[in-house]
Amino acid sequence: MFLTERNTTSEATFTLLGFSDYLELQIPLFFVFLAVYGFSVVGNLGMIVIIKINPKLHTPMYFFLNHLSFVDFCYSSIIAPMMLVNLVVEDRTISFSGCLVQFFFFCTFVVTELILFAVMAYDHFVAICNPLLYTVAISQKLCAMLVVVLYAWGVACSLTLACSALKLSFHGFNTINHFFCELSSLISLSYPDSYLSQLLLFTVATFNEISTLLIILTSYAFIIVTTLKMPSASGHRKVFSTCASHLTAITIFHGTILFLYCVPNSKNSRHTVKVASVFYTVVIPLLNPLIYSLRNKDVKDAIRKIINTKYFHIKHRHWYPFNFVIEQ
């Protein structure tokens with residue numbers, strides 16, 4: 001009987017409803033999401049390139065920011081392309097294995113980003129509270145180890161939840177009232193009692209949220225105490241410029257995750273869940289590079305330096321109707 005249930009599950013087919021309730025908005029939404037995703041890709045890959053080519057940004061803080069841009073690019077690229085396709089085609093079906101693969105990679109990168117924000121908070125804490133020991137405390141070896149650990153933890157959490165999803169059983173054809181394969185949506189469709197799977201999802205999400213927020217809040221509590229002891233206003237401004245971008249990104253990302261996964265589903269309508277999911281799967285990956293570029297002096301200086309090089313500056317080239325020559 002177990003084999004029969006496993007075969008039924010593996011052969012199950014799902015239809016992603018997405019935004020089919022709003023047929024008149026399908027095309028406008030397609031172009032809006034395409035633009036947002038396009039700018040997100042350019043912003044995150046651009047941030048990676050800027051950090052790579054500018055030696056001044058080869059510090060632990062920008063090493064972690066580099067990985068944040070990579071993670072944002074990855075998890076938005078797992079969701080956005082399929083969402084865009086489903087906005088313009090009638091066949092929105094996906095197999096159970098396809099659903100599971102999408103969820104696994106998406107969950108891996110989302111959990112990785114949660115831990116990464118906590119690591120970045122600790123990095124800010126050491127830089128501000130122990131500046132003389134910063135290069136010793138946050139060494140290249142430690143940075144590499146932390147990155148390996150946070151990716152490994154993301155994979156471990158995803159693997160645990162994916163294995164729990166393998167135990168779910170479905171009847172043939174199913175409809176997911178979402179635009180991607182979210183585990184809570186799959187659990188709600190399974191026909192035996194799926195309480196344990198729901199409990200596991202809630203436990204993993206809550207544990208990651210509480211542990212990372214505890215690290216973040218503790219780090220910033222020490223940062224605030226240290227800042228209040230600084231006699232000069234310039235020191236306060238420097239701390240603010242260092243932490244403002246990170247705090248803004250944390251507030252947006254963690255607020256959305258808490259709303260979606262650490263509140264009982266019954267308290268949120270499916271429409272509200274979809275809107276919040278769009279925000280953290282498509283919009284947040286666009287906002288992060290903007291936040292870190294517009295509110296970060298070092299990044300703005302790096303961008304300005306690139307623009308002002310002889311290859312980009314208008315004063316260093318003469319334009320002709322069919323060609324241009326760059327002055328040496």
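Using the three backbone atoms N, Cα and C, a Cβ is placed for every residue, glycine included.
Straight from Swiss-Prot, the features:
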type	residues	note
CARBOHYD	Asn7	N-linked glycosylation site
TOPO_DOM	1-27	topological domain 'Extracellular'
TOPO_DOM	49-56	topological domain 'Cytoplasmic'
TOPO_DOM	78-101	topological domain 'Extracellular'
TOPO_DOM	123-141	topological domain 'Cytoplasmic'
TOPO_DOM	163-198	topological domain 'Extracellular'
TOPO_DOM	220-239	topological domain 'Cytoplasmic'
TOPO_DOM	261-273	topological domain 'Extracellular'
TOPO_DOM	295-328	topological domain 'Cytoplasmic'
TRANSMEM	28-48	transmembrane segment
TRANSMEM	57-77	transmembrane segment
TRANSMEM	102-122	transmembrane segment
TRANSMEM	142-162	transmembrane segment
TRANSMEM	199-219	transmembrane segment
TRANSMEM	240-260	transmembrane segment
TRANSMEM	274-294	transmembrane segment
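The average pLDDT the prediction assigns to the topological domain 'Extracellular' (1-27) is 69. For the transmembrane segment (274-294), the most Cβ-contacting stretch among 57-77, 102-122, 142-162, 240-260 is 240-260 (pairs under 8 Å).
Residues 110, 113-114, 117, 120-121, 124, 127-128, 205, 209, 212-213, 216, 220, 223, 268, 273, 276-277, 279-280, 284, 287-288, 291-292, 295-297 of the same chain, all 6+ positions outside the transmembrane segment (240-260), place their C-beta atoms under 8 angstroms from a C-beta of that stretch. With a cut-off of 8 Å between Cβ atoms, the residues of this chain six or more beyond the topological domain 'Cytoplasmic' (49-56) that come close are 62-63, 65-66, 69, 298-299, 301-303, 305-306. Taking DSSP states H, G and I as helix and E and B as strand, the topological domain 'Cytoplasmic' (220-239) has 16 helix, 0 strand, 4 coil.
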